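Student: My structure is below; once you've seen it, I'll send some questions.
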Amino acid sequence: MDQQKIPQATAKRLPLYYRFIQNLSLSGKQRVSSAELSEAVKVDSATIRRDFSYFGALGKKGYGYNVNYLLSFFRETLDQDDITRVALIGVGNLGTAFLHYNFTKNNNTKIEMAFDVDEEKVGKEIGGIPVYHLDELEERLTNDIQVAILTVPANVAQAVADRLAYTSVHGILNFTPARLNVSEKIRIHHIDLAVELQTLVYFLKNYPQ
C-alpha cells in the first residue's frame, strides 16, 4: 500500500489502534471485532473498517480480526522495530515531566538528550537524560536524532525552530502557543494545551452527553 494515499486522519488513528491491539495481545485475546475496537478506542465501527480497508483484507466477515496478525501488521506499518530518537528543548515544568516519562509505554521512542539555558540544569541528568546548553544544539543533534519536542517559552520558539532546520531533525512536536514557520524538510505538529482545554470546555457546555 502506498503510504501517500492513506488519508492523514486515518494515519493519525493507526497508533491508537496499535496500542489497543497490543493490550489485547498481552491479555491473550485471539480475535476482535470492529465493534469491540470501536468501543475501546471511541471510533465508530464504519470508520475503523474504512481505515483498515486501505491496507487490504485485514479481517474476515463474521470472524473479525486476528489479534496477532493485526499486531504484526501495525508493528511493521508503524515501524515499531525502528527506534525513533528524540531531543527535548526546554526543560521547564512540562519538559521535565516529559523527561521523567520518556515514553515508557512506547518502546520504540526515546528521548536521548535535552537542551536548556538554565545553568542549574545544564550538565545534569533528569530522568537519566543529559541536559546540554542550548548553545550546543547544532553540535549535539546528529543524524540519530530525527524528532524534537519544543517546550520552550513561546517568544523563543521560532528562533529554536530556525536553528533546527540546520540539524538532522525532520519532525517537531510543538507544545508552545507559537505558530511556527519551518523549512519544507520539517513536518510540525502543534499541540496547544490551552486551546485543547478551551475546546473541551466548549463541548462540555454546548454538547452535553
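Backbone N, Cα and C atoms are what each Cβ position is placed from, and that goes for glycine too.
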Student: Swiss-Prot tags one of 16-55, 136-175 as DNA-binding region - which one?
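Tutor: Comparing 16-55, 136-175 with Swiss-Prot, DNA-binding region matches 16-55.
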Student: Going by a 10 angstroms cut-off between Cβ atoms, which of the binding-site residues VAL91, LEU94 has the sparsest surroundings?
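Tutor: Checked VAL91, LEU94; of these binding-site residues, fewest Cβ neighbours within 10 Å: LEU94.
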Student: At a C-beta cut-off of under 8 Å, are there same-chain residues at least 6 beyond the DNA-binding region (16-55) that contact it? List them, or none.
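Tutor: Counting only partners 6 or more residues beyond its ends, the DNA-binding region (16-55) has Cβ contacts under 8 Å with 1, 5-7, 10, 63-68, 70-71, 73-75, 77-78, 80, 105.
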Student: Around GLY95 (NAD(+) binding site), how many other CB atoms lie within 10 A of its CB?
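Tutor: Summing over all protein chains shown, GLY95 (NAD(+) binding site) has 23 other Cβ atoms within 10 Å.
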